[in-house]
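Taken from TrEMBL, the feature transmembrane segment applies to A:12-30, A:42-59, A:65-83, A:95-113, A:147-164, A:198-218, A:230-255, A:267-283.
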Amino acid sequence: MDALVNQLPTGLAIGAVLLLAALGLNFTFGQMGVINMAHGEFIMVGAYTAYVLHAWAGLDPTWSLIAALPLAFTLTGTLGWLLELGLIRHFYGRPLDTLLLTFGIGMILQQAARDTFGAPNVDVPAPGWLTDGTTLPGGIRLHHSRLFILALALVCVLAIAHYLHRTHQGRQMRAVIHNRDLAGVSGINTRKVDATTFFIGSGLAGVAGVALTLIGPTGPTLGANYIVDAFLVVVIGGLGRLRGTVLAAFALGILNATAQAWTDASLAKLLVFAAIIAFLQARPQGLFTVKTRALT
Amino acid sequence: MARTRPRTTPLAATALALALTATACAPAGTGTDDDTVTVGLLHSLSGTMAISEVTVHDAVQLAIDEINADGGVLGRQIEPIVEDGASDEATFAERAQKLLQSDGVATVFGGWTSASRKAMLPVFERNDGLLWYPVQYEGLEASPNIVYTGATTNQQIIPALDYLREEGHTSLYLVGSDYVFPRTANQIITAYAQAHDMDVIAQEYTPLGHTEYSTITDDIARTAPDAVFNTLNGDSNVSFFQQLRSAGVSAQDTPVLSVSVAEEEIEGIGADNITGHLTAWNYYQSTPTDTNTGFVEAFTDAYGEERVTSDPMQSAYNAVHLWRAAVEEAGSFEVADVRQALDGTTFEAPEGTITIDGATQHVVKTARIGQVNDQGLIDEIWSSPQPITPDPYLEGYDWAAALTG
Amino acid sequence: MTPTPAPGRRTPLARLRGPATFLALLAAALLLLPHLLEPFRLNLLTQYLCYSIVALGIALAWGRGGMLTLGHGVYFGLGAYAMAIHLTLAATAADPLTRGRLPQFMAWSGRTELPWFWQALTHPAAAVTAALLLPAALATLLGWSVFRQRVRGAYFALLNQALAAAFVILLIGQQHLTGGSNGLTDFPVFAGHSLYTPTAQTTLYTLTVLTLAATYLLLRHLTHSRYGRLLIAIRDGEDRVRYLGYDPTWAKTLAYALSATAAGAAGALFVPVMGIISPTLIGVVPSIMMVLAVAIGGRDSLAGAAAGALIMNTAQTTFSETFTGGWTYLQGALFVVVIALAPHGLAGLAHTARAALRRPRTPAPAQETATAGSTP
């Protein structure tokens, strides 16, 4: 129990990272059923955005971090939008083909990053106020960069929730998930909604990328390191359910951190995989499901 | 039977024919003619390991250019055949086989990971080729078909432990990536600690490419060891040092001694995250020898001012020069003759004078401890009193007897 | 180029053409190629053919059964490791210096005796059996438990991918049992025969070709049977099949397990051919590559899938020999183009081309291609 309390901040921190990486997938995979394997590379593009602002445009770390967030969102959003427009649009209903297709895109993006920025990791210095930490009375250490990521993830979640439930466009998006045909005949332009969904989902990958520069290496394979876990989060949460994704990310984070305290990191990862398989035995559709009457 | 499905066997025939033409059309053995001698360069130019291996590849290329400008080897120009190991062991084995059998190269410079070396080893033994392997590694190997120009454990890890002990750091925290080198290194460290009255507080392994180090860094902050012995590989170092810093661990209180962090990794980690921490190598860009000044200058002239030089690069560079010296000593490019000539071959290297130990085909070299400065370079703060003879099986250390089994 | 036989109008001839081509191809591969290719190229070809065997299995599970298996590296790996463990034991026993001792990496990892599953693989027959049965058993277990819960499509693909990731972590983490990230290498003998002689390489090649041929015939027979049609029905409408009174769980599990067994056999052959097995050869990315080879060759056609693996691996070697470093672009672009423009792969293209060349007397096959386009 003591270990659990000690590991709670770490678990939340790991969960926040998973959540950020998975939020975008919640749109593209969860809502549209598109497995975008290039999502990891979009995360990488976001991370390099922060690098370019710092190293090429010469902004100081604080400003490059703040400026990179919206810029990366727009940049990777546009990339995703183009991808949807040019390729994925023609593959709806064939999720497995999209998976392989986007894997090819991911390979190209990764090599492009390698050729542009070089194979070695680049340095994206964190702002001074994020490199430190605070020790709580109980001896629990709070890393400021982790708190920032947690806060960023929560802001993103709130913004998404607001968008989905309080705006006209968001309601249209939900209508399309629940029943595409019915939404279509009700006058919603489903093509346009798809494009928007993909833009937002991919844009969130960019935001995640910027945040990840704070805690990890910035290199061509940055995104590939997170992609498997991120997909699992969405699968466990249940396709298209925001609260499922949030819950699953933190549950996985805490499970990972606790298991790591109890055994080593390698075994911890294995235990988490085993737990996921066992969980899907009990709830094959994830924590929450969208109720649909469609026959598959 | 074949009524409902489209018949596709003719296609398969075409495809097979196509594939085979492609396979069979590759150049046949070129080998050595009167003016040139071909050598193989086999590093990962793509994939995850390209990060490190491209730099080593560049250093080998530099040495070849220097030798060619200097009249070549036995009057012949070196002609490199470049192959990409693609960060994949099977590709390494496959390409090694191509270089030896199809291209008939005189020797091969290549490899980085132990896995790639282990994969190539049987190929070289089967074809009686000669591989020059440039990276420090976990020891326990002495193949007659490989020359190891990087350090073995008694030229890097044991001297590092000697240094820590001299400095009075007696409680150690071990962090490593989960693969062969860290696990072997940590066994040596544990045995050394037992024999020398030191404490190993914890031994933590993380998967390759792991980025979540808060659990470990917080544990380091809590247990406050005298020093951390770091055998993490590649990317993980970036996360580890960033998170160590925000866990509030400083280089003054708890120095981290790394054995896989060299000059070119520091840029990616961020100099301010690692300033003051320690490294153990045999060479630094700042090593004060005349040869090194020339080497660094030649390297930056060839590849750009912003490039740094590191231990593995230097070892790879030395390998080409050592090979040339051995060939000229033997008066022949034949592997058997060159091998005969290896023992005692010396080269005035950037790290100082180095000599090949014929018995193990490793290189006698000086161990150096360095400290990272705020420029992202490493300053030497300690060195072994004299060059250390390689002992890949640690036969000369009593306390290691239990390890070799 | 193989001359394409003139289009046979009469049914008996046409019916014979398939088997005849197959036999001709087999004979050419077995009798001719070992003399035409230099040893190094023959060895490469054998490796590629191992991947062709994997491709046949994937074509069954994915092309026919609609199960996208992104984790076939695991089954390939199980077969390969079973064989590699046996070969390591054989190598240790053959060398007078190490006879009776543990493999070196084990001694160094602090082990004092052989683990039980190593001991079990001492006999060559045990190794071959394990290479086939272990993948089958794991696939049956996993398949049955997830298909029963109607986990399918993208979920199944992602679970498989996670399995591959977990398997690699397990192999690397259990270094004292598996050799860790270095994997297992250097296999000089099998069942008392040296593997380093030219004859051994030719024998391995022959063995691989025969295994490929046998797998092809077996799977072809299966896909043309009632079971094959049931599998397609499940792929195109699992719930409908359920309503008709079939239980898809076992049909799918069987296809998945067979496909895993093929991968295991390929792994067992790959190890003595290549001389190495390590975790990086069987992780997430290699597993996806195995599937992509099938996509390129044509998932609907067994022969196409096998050819796809052969072509993709040849292309990979050729590309990276010629454009060192830059071939990733080409490869990525190739995947995108083939999947976007030719969803039935090269086999589909060839089929369309043939149908177009032929007199419009038989429009039926062309139509079939069109309807097949709607499958996932």
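The backbone N, Cα and C atoms fix where each Cβ goes, and this holds for glycine too.
In this chain, the transmembrane segment (A:267-283) lies in contact with the transmembrane segment (A:230-255); the count of Cβ pairs under 8 Å, excluding pairs fewer than 6 apart in sequence, is at least 3. Highlighted: of the candidate stretches A:95-113, A:147-164, A:198-218, A:267-283, A:198-218 has the greatest count of Cβ pairs under 8 Å to the transmembrane segment (A:65-83). Pairs of Cβ atoms less than 8 Å apart link the transmembrane segment (A:198-218) most often to A:42-59, out of A:12-30, A:42-59, A:95-113, A:267-283. Sequence-distant contacts of the transmembrane segment (A:267-283) (same chain, six or more residues past either end, CB-CB distance under 8 Å): 232, 235-236, 252, 255-256, 259-260. For the transmembrane segment (A:12-30), the list of distant contacts is 36, 39, 42-43, 80, 143, 146, 149-150, 152-154, 156-157, 160, 197-198, 200-205, 207-208, 211-212, 215, 226-227, 229-231, 233-234, 237, 239-242, 245-246, 248-254, 256-257: same-chain residues at least six beyond its ends, Cβ to Cβ under 8 Å. If one looks beyond the transmembrane segment (A:95-113) by at least 6 residues along the same chain, the residues whose Cβ comes under 8 Å of a Cβ in the stretch are 33-41, 44-45, 48, 83, 87-88, 220-221, 223-224.
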